[in-house]
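Participant: Here you go, one structure.
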Amino acid sequence: MSTPTLPNPGLGTFRLKGDTLKRVIHDALALGFRHIDTAQMYDNEQDVGAAIAESEMPREEIFLTTKVWHDRLAPASLKASVRESLEKLGTDYVDLLLIHWPSPDDAVPMADYLTALQEVQQAGQARHIGVSNFTIAQLDRALEILGPEALLTNQVEVHPFLQNHEVVAHCQARGLTVTGYMPLAVGKVLEDDTLNGIAEAHGVTPAQVALAWTRSRGVVSIPSSTRREHLAGNLAALDLTLGEDELEAIAGLDRGERIADPEFAPAWD
Ligand SMILES: NC(=O)c1ccc[n+]([C@@H]2O[C@H](COP(=O)([O-])OP(=O)(O)OC[C@H]3O[C@@H](n4cnc5c(N)ncnc54)[C@H](OP(=O)(O)O)[C@@H]3O)[C@@H](O)[C@H]2O)c1
């Protein structure tokens, strides 16, 4: 089987709700986004579903991802979580279903929740399955449990200030696509002198430079934006190719700056 591809970039939806989110989704679909990233924890699946329903876009043209929160990992709870997500999203399947965070301290054994995830896939409620915020060791355990080709992606934080080289390289070596979340470091890339300098040289924005750098690593990004011109710019960043010296300068920006680091996070690599 050839590896399915995640449309790049996807549209992040964390923190967005209601009419703002609906407008963002309408704009994003009209501009050409075909990949939407939500999660049960974002409490916006109903709005995502409504916006997709209101759009003229056939469901099968949209790559829709949702995630199961870490307090719903016991198998019966996981399956109920997925049923609730599908109902809110107004669809009978998602394209990608992720474990949002590994079970803290393995409170639910990994084999239990990954087997449940695979059963959801076998039942046709998820075309693909994957994980998020998994360390290298956790990913290896997951592949041991499910088999080497079971998971499409590990969605982890990746931006110029947290480049996550080891995790990205390991996932890619094991055949997974890496999805990079917070690719703009939640706006911090805009303030960086190096990124601004490269942006100026190309007549683009530092956000576009960050997304072009992410793509150059083979990582799919899922930036969020409330502004149509930013959404358009994030799509256009795909056309930007950076030079070797520019990529090297961005490599030098890594400072291990992790933004998403809740108390239940795993022991990061
Ligand atoms: N799996 C996980 O645990 C996890 C954790 C966190 C996030 N995520 C996913 O990753 C997505 C992205 O992360 P995020 O939304 O936190 O942060 P982000 O995408 O790095 O940054 C979003 C911020 O960047 C600004 N922005 C976007 N495009 C821009 C542009 N072209 N020019 C200037 N500013 C721009 C936005 O402001 P404007 O609205 O003004 O454009 C917004 O303030 C989330 O929405 C979510 O789907 C997953």
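The chain as shown is numbered from 1 upward.
Backbone N, Cα and C define each Cβ position, glycine as well.
Unlike curated records, TrEMBL annotations are generated automatically.
Relevant sequence annotations retrieved from TrEMBL are reproduced here:
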type	residues	note
ACT_SITE	TYR42	active site, proton donor
BINDING	HIS100	substrate binding site
DOMAIN	11-253	domain 'NADP-dependent oxidoreductase'
SITE	LYS67	site 'Lowers pKa of active site Tyr'
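Just tell me what is around each of these and how deep it sits.
Facilitator: The DSSP secondary structure for TYR42 (active site, proton donor) is helix.
A sphere of 10 angstroms centred on the C-beta of HIS100 (substrate binding site) encloses 21 other C-beta atoms.
In the three-state DSSP scheme, LYS67 (site 'Lowers pKa of active site Tyr') is classed as strand. Counting every protein chain shown, 26 other Cβ atoms lie within 10 Å of the Cβ of LYS67 (site 'Lowers pKa of active site Tyr').
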Participant: What does the structure give for the C-alpha distance between LYS67 (site 'Lowers pKa of active site Tyr') and HIS100 (substrate binding site)? Integer Å is fine.
Facilitator: 5
Participant: Translate the DSSP assignment of HIS100 (substrate binding site) into the three-state scheme.
Facilitator: coil
Participant: Over the domain 'NADP-dependent oxidoreductase' (11-253), what does the predicted model average in pLDDT?
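Facilitator: Computed over the domain 'NADP-dependent oxidoreductase' (11-253), the mean pLDDT is 98 on the 0 to 100 scale.
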